[in-house]
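Since the structure comes first, as structure tokens, the remarks are kept for the end.
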Ligand SMILES: NC(=O)c1ccc[n+]([C@@H]2O[C@H](COP(=O)([O-])OP(=O)(O)OC[C@H]3O[C@@H](n4cnc5c(N)ncnc54)[C@H](O)[C@@H]3O)[C@@H](O)[C@H]2O)c1
């Protein structure tokens, strides 16, 4: 029986290994993590990751061929294939702070694998699979760490091959994407053909062969960053256009629909929705990582190009906050503003890099009383995410409580329930004039205007009220 171990029981490690276990009942899959609370959560009825369909997948295989464990060393030592799926956030301090990926977790995982490899018997082999998003050539660095340990152990040790198998699923549709991926990319050296085949055989249990793409090691690593960068660039492009739509009276939905039907642009409307900006753990970090890599190779213009994708995203979030403040007569000090939605997109419980968090911070910094409601985020998380200024947000139990007594209401996540609120009731509870700022273009602006709201919607022709308001720098 093949044994698989995955280091990192996070948003990627948990769901991807659960689906692997589901589809490969003859393979034993252990997901390990240094965080005991995380492992306990995976072994409980309340999984740490919210993804449609995930509970059923985990229930079907946990205790059968899927284990979640904090005993990292033992499971790594036992495994034939070790996935490394640890977090690689942007560095917070030191060289490359705010730009380069922090590889500290990745290196600590590599050392765990190395220690296990050095203790293995000569003649045994491990395939190490890089799943984290990492800079190009990280796999080669992993090989060096492994090599140094195995040769330094003086006892021989087992052999190993390092492959790259980046994950492309989208949070919110992770299970669907994992069950039916557009493609699975496996990168390896020419000399790793056997290992590549072994990993491809695992995926072949449920992924059609023509969707299993094999590439060189470096190409696979770069593919992950490139995919994130192109998606982020698409969002920033449409958001940059949304600013011009507002200035000229064009409608970004019409423009995006017309542009998206052009086969050369491709993918229809996918990722052509204007909004308050992209979020989530990956996009910003991967684009910055790509720019940092360009910089490191002296490709300054290319680096600057990618940095602008992130800059436009920051601009879009700032523009939204300025729009709220300008609409409300240039000041939100002491005014209650309701924020509906904190996660970066519907269907997830993840607030990492969510534009809503930045909007809250911007409003708090300008003196607003911010009342937040999100259907899936608890009070502790909301307070942690928004704790940047001395003032705290208020946490509401529902959208009506958040809006009660508010001057303005910002819709920042496209949860379905925000489309179908009783906006007459919301309006009755709010101050006058009552503003709605729709950062996701989910409300029916026409209907809301009839009720009496002043409505701002990203990239849409502006409400008469909003024209001629004093600009806020
Ligand atoms: N979240 C996504 O949607 C997504 C999608 C595709 C790729 N990725 C990439 O996958 C990687 C993992 O992302 P994530 O969102 O799952 O991160 P995460 O923060 O949710 O999980 C990472 C886990 O790794 C554990 N960990 C770190 N170092 C460890 C060590 N040495 N030993 C044992 N456990 C360790 C942490 O405790 C944590 O639970 C990242 O590189 C990310 O860029 C993420």
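Glycine is treated like the rest: Cβ placed from N, Cα and C.
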- Note on the structure: Checking TrEMBL, the member of 171, 414, 417 that binds NAD(+) with 33, 38, 88, 352 is 171
- Query: So TrEMBL lists 168, 169, 170, 171, 224, 271, 272, 273, 274, 275, 279 for substrate; which of 335, 336, 345 goes with them?
  - Reply: 345
- Secondary structure content, the domain 'UDP-glucose/GDP-mannose dehydrogenase C-terminal' (338-445) (per DSSP, counts of residues): 35 helix, 18 strand, 55 coil
- Message: With Cβ-Cβ distance below 8 Å and at least 6 positions apart along the chain, what are the contacts of residue 170 (substrate binding site)? List them in sequence order.
- Response: 177
- Message: Out of 170, 224, 272, 274, 279, 352, which binding-site residues have CB atoms lying under 6 Å from ligand 1?
- Response: none
- Query: By CA distance, which of the binding-site residues (33, 38, 88, 171, 352) lies nearest to residue 279 (substrate binding site)?
  - Reply: 352
- Message: Spatially, which candidate from the binding-site residues 224, 272, 274 is nearest to residue 171 (NAD(+) binding site), comparing Cα atoms?
- Response: 224
